[in-house]
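Since the structure comes first, as structure tokens, the remarks are kept for the end.
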Amino acid sequence: MIESNLLVLTLVIPILTAILLIFIGKRPIIKRHVALVGTLLTLVIALINLKNVLRDGPIKVELGSWKAPYSIVFVVDIFSALLIITSIIITILVILYSYRSIGLDRERHYYYFSIMFMLIGIIGSFTTGDIFNLFVFFEVFLMSSYCLLVIGTTKIQLQETIKYILVNVVSSSFFVMGVAVLYSVVGTLNLAHISERLSQLSVHDSGLVNIVFILFIFVFATKAGVFPMYVWLPGAYYAPPVAIITFFGALLTKVGVYAIARTLSLFFNNTVSFSHYVILFLALLTIIFGCIGAIAYYDTKKIILYNIMIAVGVILVGIAMMNESGMTGAIYYTLHDMLVKASLFLLIGVMYKITKTTDLRHFGGLIKGYPILGWTFFIAALSLAGIPPFSGFYGKFYIVRATFEKGFYLSGIIVLLSSLIVLYSVIRIFLKGFFGEVEGYTLSKKVNVKYLTTIAVASTVITVIFGLSADTLFPIIKDGAETFVDPSQYIHSVLGGK
């Protein structure tokens, strides 16, 4: 009972914090502290939830007097618990970074309120136990992201927000259609119950299940930034300030990735024969087009944005394998990418603060005045590229091993080659931005970026610690992967009256 209450608190605390932020009015200093304290409290509860999951297995809470599958159910397993903790840590870093970067005008209005509601949507997506509430929480974080995108009302923000809204309105419409078709087939919305019902379906209904799979893949691939539905991502994520880009780039695409992993495991693993091949094909194309984008641009933000696509593709390769090695690598690499992308965006934000540009052709030589910033970026770049002993190596190792275990050798080779492209793209930023010389550009009077650099360094230190803790984390992550490869434990925890 206590464990169930704690699970709900990860949603209740951000909701209460958001409500309190409304009543505070236009007092940014107080808003900062309220948002930070609320997020820290949520982190404490999330850590306790992880401890309970490791001890007891997946935990659930049923709202109302009904039992599953008829009640509204929230479930936390190892993967969702780790995702929640990582999301909250990144939210804390973004809030702290925003103190000196986002501007008082944005802080006075609904900036922190939107961040809290976006966190609610993300946590809800990771914990909901039914497919319709997954749609609801998707809409919660999407509505919040619309607000964050438009705060500041610059021309580029308004342009990209309109595109972003249109894409997501279409995507959400297809989501509702998919839920409706699925309900017409199985007569339930509970994820675990849907899994049971789908396993009992006759061949006559397989065509409808295939339609549901196609609809869901379109929706979740759009959220995750998968080829060819990624076209909205580079523009929408480029437009807002760096603190908001960090929040979006590190977290939002991972909700789509999680939804693909969960529905493939529970719904389509054994009912749609071509599901793995579709996901693998899209994953490889995402990696390839992400690599092209990463080396085509000189803009530091664009380079890292296209690296998001590469990472999503790599994770989906592991998910498509749906074996222990693949899911272990996918889970670890997802957490790694969330942390390292946050670090890189925060570091690029500091570089922009100094140079007032993100174009590598217009600045250089930063290492002379900002050596800590430069070498921190170098460490984050090595981690992103998967150079051992940093965290990117371990996840990719397991994913590549999974492809070889399944006989998908070309897929494994593409993942390995993508590491070289990633390394080239980020080392190019390091060499040109910190050691390069641009004609006509001289480093101006030193800008005070100590506070922002401290937050960015702290984020990178967390990433390094995550990599160095791989031996401790992998037994936990392997247990989390088993829940996806064999979802019976998840199903039993929801429907078995635990």
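Cβ atoms here come from the backbone N, Cα and C positions, even for glycine.
Quick look at what Swiss-Prot annotates:
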TRANSMEM  5-25  transmembrane segment
TRANSMEM  34-54  transmembrane segment
TRANSMEM  72-92  transmembrane segment
TRANSMEM  109-129  transmembrane segment
TRANSMEM  131-151  transmembrane segment
TRANSMEM  174-194  transmembrane segment
TRANSMEM  211-231  transmembrane segment
TRANSMEM  303-323  transmembrane segment
TRANSMEM  331-351  transmembrane segment
TRANSMEM  370-390  transmembrane segment
TRANSMEM  407-427  transmembrane segment
TRANSMEM  457-477  transmembrane segment
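Proximity of the transmembrane segment (407-427) to the transmembrane segment (457-477) is not established, fewer than 3 Cβ-Cβ distances being under 8 Å for residue pairs spaced 6 or more apart. Across the candidate stretches 72-92, 109-129, 211-231, the maximum count of CB pairs under 8 A to the transmembrane segment (303-323) is reached by 211-231. Contacts between the transmembrane segment (331-351) and the transmembrane segment (109-129): absent, as fewer than 3 C-beta pairs lie under 8 angstroms at sequence separation of six or more.
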